[in-house]
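Swiss-Prot annotations:
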- 1-81: domain 'Carrier' (DOMAIN)
- Ser39: O-(pantetheine 4'-phosphoryl)serine (MOD_RES)
Amino acid sequence: MADEAIKNGVLDILADLTGSDDVKTNLDLNLFETGLLDSMGTVQLLLELQSQFGVEAPVSEFDRSQWDTPNKIIAKVEQAQ
């Protein structure tokens, strides 16, 4: 999958989960500090990433600091491809 498709797919998932388009315009926005993503949203995010991109990220191994901005999430998905 092309990087642009991954980026747009991840941003669409984040916008749907957070209810905010800010995630599409500020890719360094801290999703947890701003309250846009919580633990339940994190589980939903991981399920969506697995479903759409085949990314395996067990909740038990989830390190919030590695997944706290749209840019970091996009990079994780790209690495998994």
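A Cβ is built for glycine as well, from the same backbone N, Cα and C atoms used for every other residue.
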For the domain 'Carrier' (1-81), the number of residues DSSP places in helix, strand and coil: 52 helix, 0 strand, 29 coil
Local confidence of the domain 'Carrier' (1-81) - pLDDT mean: 93
